[in-house]
Amino acid sequence: MQLFVVEPVDTLAVRGLPAVLNCSAASDAPVRVEWKKDGTFLNLVADDRKRQLADGSLLISAVVHSKHNKPDEGVYQCVATIDNLGTISSRTARLTVAGLPRFLSQPEGVSVRSGGTEMLSCEVTEELAPFTRWERDGRPVELDGRVIQLPSGALVISNGSQSDAGLYRCSIDGLGPAKTTDEAQLQVSADSGVEEKLETLQGPVAVVKVVGESVLLPCVMKGYPVPVIRWTLNDRPIDESRERFAVIGGGSLQIVNLTEEDAGIYVCQADSGNMTSEIQAELTVHVPPRFLTRPSNTYAQESMDIIFECDVTGSPPPTVKWMKDGDTVIPSDYFRMKQHNLQVLGLVKSDEGFYQCLAENDAGNVQASAQLIILDLDVALPSAVPSLTDATTDHVASGPSERNDPTPSAPRDVVASLVSTRFIKLTWRLPAEPHGENITYSVFYSLEGTNRERVENTSGPGEMQVTIQNLVPDTKYTFRVVASNANGPGESSTPLTVATQLEVQVPGPAPNLQVVSVGTSSVTLSWDRPVTGNGEIQTYRLFYSEKGRDSEQDVDVTGLSYTMTGLKTFTEYSFRVVAYNKHGPGVSTEDVVVRTLSDVPSAAPQNLTLEVLNSTSIMVRWQPPPTGTLNGELTGYRLRYRKGLRRADAAEISTSQLFQLIEGLEKGKVYTVRVSASTVNGSGPTTEWIAAETFENDLDESQVPGVPSSLHVRPLVNRIVVSWTPPENQDVLVRGYKIGYGIGSPHAHTVTLDYKQRFYSIDNLDPSSHYVITLKAFNNMGEGIPIYNSATTRPQSDPDIDFYELFNNPYTPAPDPTPMLPPVGVQATVLSHDTVKVSWADNSLAKNQKITDSRYYTIRWKTNIPANTKYKTANTTTLFHTVTALKPNTLYEFSVMVTKSRRSSTWSMTAHGTTFESIPSSAPKDVTVISKEGNPRIININWQPPTEANGKITGYIIYYSTDVDAEVHDWVVEPVLGNRLTHQIQGLTLDTTYYYKIQARNSKGMGPMSDAVQFHTPKGKSSTSLRLALTLSRLCVSDKPGITGRQEKRVLVIVVIVSVGVFTIIAVIAGAVLCTRRSNSHQKKKRAACKSSTGSHKYKNSSKDLNPPDLWIHHERLELKPMDKSPEPNPVMTETPIPRTAQDPAAEPSHQRRGESLRHEAEESRRGGRPKMMMPFDSQPPQPVISAHPIHSLDHLHHHHHHYHLPPRGYLHHQISLRAPATPSVFSDRPPSAESVRNQAPAPEPPVAPSQPSTTAEHQKTEALIKEEPSINPPTAHVRPTHPLKSFAAPAITVSTHNPPTYETTLPSTPLLAQPGLLPVPGVKTASIGTLIRARAPMAVTVPSAPDQSETSTMLDTVSTYETDELSEEMAHLEGLMKDLNAITTD
């Protein structure tokens, strides 16, 4: 409803004069109008200066206003009251009293050149500006588009003439006696033609206006030539032809009837030919509040809940408050404000009245009102709500006082079936007398001790339960239930009082949360312990988020304060705290917003360019630092410039603009400039020094320009494209060019072009016609000498295609009107795997390629993989740019364009460059492991190349282990060529879990490993050899019973064979004693090494894999292998969790092969062959021999010291090396005897036995790797080393090279290439399996050679002796072993 016809508005009053505030209200009922000032009712009876007029307006007969007494100034409001209905307040209006007439400054005498602009100042306060007038020679000055008065009171005279000369004075009228300034004389001088510096008399300033008002943005510039003023809004030129926009007073912009779209940044650009100036200011347009939805009149009944809707808009967003009968509504449990709406819960009779929604912002305030009428429960609510200004409850007809139709009795047995902290569930039974069907129920409830009830209806007829939500914990409520039938509501049930439960489970909000910024990236928070809560507070969780971001982060805090660091500088953050106890999170505090402190900028201004205007001035332009790097409010820029390129005293200029004109420079000198941005904290980093050279002399216009240096034509079907270069003499000013053309004569048509233009398209020509074209430059002195050319347009049948534009600008059309020439000679120089330097030349520059203007270059680049890749760009002011953050081994294309002022060239021809390779940055993907069908001991591992290979993949490294947590050097490795994506691994142990990783390498090194892939080999029958080994282990170590039957006989046979072998060893040792002797000191070292080899060989993490492990400790004492010149067809292999080189033999049972092997070894020993366990011999003079590098477990990469340096990880592969060790004893699994080596001729390579399938394959793989990388150092790992858990080999560490003891290992070897004549190299290579060298004594090992190669190896006969005491000790040791074996046999 709208009661007011007229509402008061803001008024400017004059001291001593009357003032009127209008207000009028209309209604069918009598309306009483009163006035409030600053929220308090006025007592008009006691104030004889104020009285209320008949229509309700307020009249102040004489406004009183002084410096210390301002009784009339303030905010007024009109209040209208209708008896028995309520009260409505109008919108507010501010009464402002103009101050005493006084001038802040006096005008001064000035002189203006004829046709120029001048300004006379008259500075007054804002409220006095409307009363300011100007007089010339005692008569008022007439204002028009040439002579204007600025909002500040100043007078601007543009296009001055002699009629403007005179004595001027400023006066203030309408505020009592007129007050005038002193007179100032304006003189008008004749135009002398002397250049005058551009000067800003008055520029635009930030201003705030309201929609519908007018604004005048001053831009008063003085200079000669007379500057041309242009305006832009948000970087777009303003169309002065629009009705609401006008440029008056020589450059000031006037806008009438403002709209929201007029707000923005206005820039005044002044150009006097040789100087320019820009001044910007922001215009803010406010929009008064406006209702989108008004509250509506409402009928309701007691206990109901209602909502008054109110939706408003405006700029800035208005604030909304609600009033009831002239009093402000205070939010409570029953009066709630949601957004702008007012919700009234549990209506009572006193809630009746007028409700008002008042919206206010800086532009004004509005109000809308609605009436609420409470009806009795027996009165039906009307379907349509009319205007209620004349309606009361008496006007609504009630039903008969006595009803004949029966209503239900009271519901029975009302109980609270469920009571919680914030809700209560009620249930009841049907009334004893329902008097009908479809009975509905209403539950009335209120806080104990209050008369304001709320009502909750059941969801459907017949439902006899309801849940009351949103209650207050630990509070008593009174409930009653009323049943209703078609005749109306019945009797009420007996009131039921129920108290909600005490909510003490979780803590309440932490009070007194305070957040203080203590640095540019840190804040300190403090709070108090929550008042409510059950139990001890376990922790506080601090939630915070950056303003404008939806994501919220949190951190746990144990105390009552916390200092948060790592925040962004000068950024607003929102903080809140939640306390936690054993029951969970409590109530959150309100959000507290704080901004971190500001700092100096962290980046320099961008795109600094220098434009040489003449011989003594340079225009400097730049752009602000990147977004987010200012770290505070920008206060300005500091520009420093110096003469020369070296260090010198630099001058400094401070400015708030994005440009600066440096004047008074020396001619023909180089100046360097740099700029930094500043905040209140200081200046940030500066740009690089940018150089520019002033002209030797200003351009000469005392003569006509010379002939253009070149003229090129490109004929098409209907047009000819003409391009040219300027005259060679750059010292003569060129103001433009003229093109003449015609058929047979160049004088038929003439086109005049700008001096910056370098090409032009002559259109609408006839096909197959011969045109003569002339070009000449001109200035104020006249036209220069022309240059001629001719061209014949193409026939009509030819397509009208400009091939030059087609190939030089395939995507971007030539900008209109005068584009720049594109850069040429673009080159891309690859510097690294992610960096390319792009350089070019600019034909529009001088021959020395010096940049002396404001041009800049844009470089764009992209790769064609994938094809939809978007261009990336960068800007620079030099003739090169280094592009970084590229992808390795990727082909990129680069192109460049040049931009000067608002003109840009087309993109240049593209240059290409492929970045260098880099190590792979991702691991091989899609690693899968599958078991080979028919052989569960063999698996195939497959993979795909890495996504980011960063080069050609030259190889892969496969790592596998039974322990996923083992160190990387404890994994077994197998290299694979780079062109393969699958590999087979043989000889795995059944029922064992393996983990596999793959690593790719290219020419630059190794990439990351893939994630471990788990594979469990299937179960199967264990091999005979392993069962035999376990049997010996139980017999020799554990000495446990239980070996009977066939197994006992098998063991006895083996023991007998082993005994024969042991006696053979004793015989060999006795013979060795007769041949050589060794020093006692050296023998002690050998005994230490020998004893260490017989100790407990335990490897970390192996005890859990093999049980019992002690079998392998003495296995080397039992295994005797013949040293025959012919290879054993079926070598004995052992099963370990990590595979060995050769496959498991399957031709015959393991125990049979072992027996035959032992018997063969015994026979070979009697013939002078070497047994498996070798004894040290005296060293002979070194001679060339063939040896293979030892095979090391991965952990020895870091724990062994060899005679070569460890290669990098990228070169993990096979390598064959030919050396002559200091102890020239080379032992093989199957070596020829010393005599056979000396006497036999080279034998052809025997065929590979079926039990040795991997020898030739490995040899071929080794040769392939040697060919692939011939220069790489010796390896640090073998293709298939034995597993480090257990093996027949004894671990070893390099020991002294002075005749160390040598023991043979059973490590699989890579076949060797025999190359005689190599230089002897001192030293003995060592090999070990596992990491048990950390706890073992050192033991030298020589790696076996491969006698099955096609070429023979020249080997030395070695003879060694033992001292008598050492021999005796060894024999005693062996006798003890024989006793143990005899005891086992007896058992």
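Just so you know, glycine gets a Cβ as well, placed from its N, Cα and C.
Annotations in TrEMBL come from automatic prediction, not curation.
As recorded in TrEMBL, the features of this protein are as follows:
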COMPBIAS  1080-1089  compositional bias 'Basic residues'
COMPBIAS  1112-1127  compositional bias 'Basic and acidic residues'
COMPBIAS  1150-1167  compositional bias 'Basic and acidic residues'
DOMAIN    2-96  domain 'Ig-like'
DOMAIN    101-187  domain 'Ig-like'
DOMAIN    212-284  domain 'Ig-like'
DOMAIN    289-373  domain 'Ig-like'
DOMAIN    410-503  domain 'Fibronectin type-III'
DOMAIN    509-599  domain 'Fibronectin type-III'
DOMAIN    604-697  domain 'Fibronectin type-III'
DOMAIN    707-800  domain 'Fibronectin type-III'
DOMAIN    822-918  domain 'Fibronectin type-III'
DOMAIN    923-1020  domain 'Fibronectin type-III'
REGION    390-412  region 'Disordered'
REGION    1080-1188  region 'Disordered'
REGION    1223-1262  region 'Disordered'
TRANSMEM  1051-1076  transmembrane segment
Recorded stretch, among 2-96, 101-187, 212-284, 509-599, 707-800, maximising Cβ pairs under 8 Å relative to the domain 'Fibronectin type-III' (822-918) | 707-800
Summed over the domain 'Fibronectin type-III' (410-503), the DSSP helix, strand and coil counts are 0 helix, 49 strand, 45 coil
Using a Cβ distance cut-off of under 8 Å, indicate which of 2-96, 101-187, 604-697, 923-1020 has the most pairs with the domain 'Ig-like' (289-373).
-> 2-96
Please spell out the DSSP helix, strand and coil residue counts for the domain 'Ig-like' (212-284).
-> 3 helix, 41 strand, 29 coil
When each of 2-96, 212-284, 923-1020 is checked against the domain 'Fibronectin type-III' (604-697) for Cβ pairs under 8 Å, which one has the most?
-> 212-284
For the domain 'Fibronectin type-III' (707-800), jot down how many residues DSSP puts in helix, in strand and in coil.
-> 0 helix, 53 strand, 41 coil
Could you give the number of helix, strand and coil residues in the domain 'Fibronectin type-III' (604-697) as assigned by DSSP?
-> 0 helix, 49 strand, 45 coil
